[in-house]
Amino acid sequence: MKWATLFMVSCVLMFFVMNNINEVESIHVEQAGVCEFTGEFPGKCGNNGRKMCVEAMNKKNKGSPGENKKNLRCECFDNPVVILGRPKRICRCRNNC
């Protein structure tokens, strides 16, 4: 009987503790000042895909003035669709605007 009472009291206390805990809401902070560029280029990513994407994006946007190419961050994805036997890669790059 003593153990049953102790169990019931601990359950009630646990219930009160769990009710007093506030839910933590995840806050989505929008990344202000971040621009995203996507491009499709010939070839596969390989081991240095990020570097190849940065170079390809710099060549592609060579003529645009004021472009901050120093902070360019890229990801490389191999395109699963091969057209006419030529592999392609997709580069998604982000830059501070």
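Residue 1 is the first one shown; counting continues down the chain.
Cβ coordinates come from backbone N, Cα and C, glycine included.
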Partner cysteine of C74 (disulphide bond, per Swiss-Prot) from C76, C93: C93
C35, C45 - which one Swiss-Prot pairs with C76 by disulfide: C45
Cross-link partner of C97 (disulfide, per Swiss-Prot) out of C35, C53: C35
Those disulfide-bonded residues of C35, C53, C74, C93, C97 having Cα within 10 angstroms of C45 (disulfide bond): C53
The one of C74, C93 whose CB sees the fewest other CB atoms within 10 Å, among these disulfide-bonded residues: C74
